[in-house]
Amino acid sequence: MQIDHSGDSSEASQAHDSKLHHSHLLGNIPLGLPEARRRVKILVSVDFDAVSGWMGTGQHSRNCLSDYSAGIFAGRVGVGRLLKILDRVGIAEKVTWFIPGHSMETFPLETKAIVDSGAEIALHGYCHEDCTQLDPQQQQDILDKCITLAESLTGKRPVGFRAPLYRIDHDTISLLERKGFLYDTSLSGHDAQLYYLDSGFPLDVVDYSKSASTWMKPSPQPRQLSVVEIPANWYMEDMTPMQFLPNVTNSHGFVSSEAIEKMWKDRFNWLWNWGPDGSGPGDFVFPLVLHPDTSGMAHVAGTIEGMLRWLKEWGPQVEFVTYEEAAREFLLDKEVPA
């Protein structure tokens, strides 16, 4: 196209040509930068504590039938409600259930329904024991018993473990490695990435009766193990803020489900924008820890379903996977055979 500038002043002509040139340059600039691609794994887990939670870490001399009935609710009501929610959302077979041996044997029909849903079955003690209160032989006996129970239910050896109440010690870690477990999920060394479990820092507490020079020294670096660690911490779970346990010191019970949902969404949004290292978009994992005792309650269940649907709405860059799937993919990425 030829522009006739005859009759235009030289200054007007130059201005017109400048606008055309500027317009041409803008036309070559994309309207928006493409969104960074990432792969986000949603790891939904359920701890089927039920009555076992009151027998081990939750035991107290003041506990009574009223307290135990909350565990009965978890088994007889909460499990069914959660299974239906997970089925409606379309992720039932992508969930990992951590089931104490006591729950497997006390609620066999509910446990069978979990297995039939296609979910992964992992271990969580027998009576929700505090591993730090057990000697090595007790820990081994419990683990062996629970492995046998899980194998009888699924026909498959379990590969994952979560310490009840996250109470884990060096003996537990050594036992998991000796027994060939693929992963543990009891520790908080990261909140959005898998990593190799290590043998644990040998921490010596300060002894104020001695000279300061006796404790002013760094901790020895622990040995890296072959077991994968999948993040867990108190801010990823439902029970502590939303379930009142009268004789458990860290329970609250009267935090609204909307407050917890907001916290989880805030965490996801930050990771989506800034990635696990805070430098920008990147791949990350997003674990959630639910309980039929808590998320099975009527005033919480709707929020849980809404949260899961919200996560699904993020599209193909977000996928729900079992803990086993996430751990095996981590090993493949590290080029270490599982």
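Yeah, the Cβs are placed from backbone N, Cα and C, and that goes for glycine too.
Since we're looking at a predicted model, the values are computed, not measured.
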Quick check: of Asp49, Asp67, Asp191, Asp198, which does Swiss-Prot put in the same Zn(2+) site as His124, His128? Asp49
May I have the list of same-chain residues other than Asp49, His124, His128 whose Cβ is within 8 Å of the Cβ centroid of the recorded Zn(2+) site, in sequence order? Asp47, Phe48, Ala50, Ser52, Gly53, Gly56, Thr57, Phe98, Ile99, Pro100, His102, Ser103, Gly125, Cys127, Pro164
